[in-house]
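Written below as structure tokens is the structure these notes are about.
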């Protein structure tokens, strides 16, 4: 019986042939470059395939994924993706998406030693510490969802403190969105991460830089 990888390779051949037939312009267009409008920053979880979830095609979404969709200022990997997507690809939207049933969130809510994951999950544990009283009033499932939301809010705040993002927001209307994906039903939920005029002014004063 074929293993999963062998089956996947065969499925790729079938997908490529079907896609070329249904959208004959797609692959020749992609061969000439990319112009995605969306940068998606999400979790590595196999249940959260951004292009499928959004109903889009190859070339529509530039992607960065990691354990628990964590953003922190010193992460060169996510920083490079954001810089390239905003400054060079000139995406119009940045989406930071968490999701329900997230293993990384659940790990941060626990107290087991996890090796190399411990320093990676530190930003989540800090969010847990800051919101401990609230989280302790919730059921384990609700606490996981709340932590996912809080993590997205913190990530959006960090995105909006990056000079390249601030510049694009001010000069060409780049939008930053925070979402939660429900793996139980396949739906995305927008969590309100819009700023007041006063918050926007403060952020520009504090974080915007000039060449």
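Glycine is no exception: its Cβ is also placed from the backbone N, Cα and C atoms.
Quick look at what TrEMBL annotates:
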BINDING   43, 45, 99, 102  Zn(2+) binding site
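Shown on the structure are the features that TrEMBL records.
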residue	record	Cβ neighbours (10 Å)
43	Zn(2+) binding site	24
45	Zn(2+) binding site	19
99	Zn(2+) binding site	24
102	Zn(2+) binding site	27
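Note: the Zn(2+) site is recorded as 43, 45, 99, 102; in the same chain, 42, 44, 47, 48, 68, 69, 98, 100, 101, 103, 104, 105, 148, 181, 183 also have Cβ atoms within 8 Å of that site's Cβ centroid. The DSSP secondary structure for residue 45 (Zn(2+) binding site) is coil.
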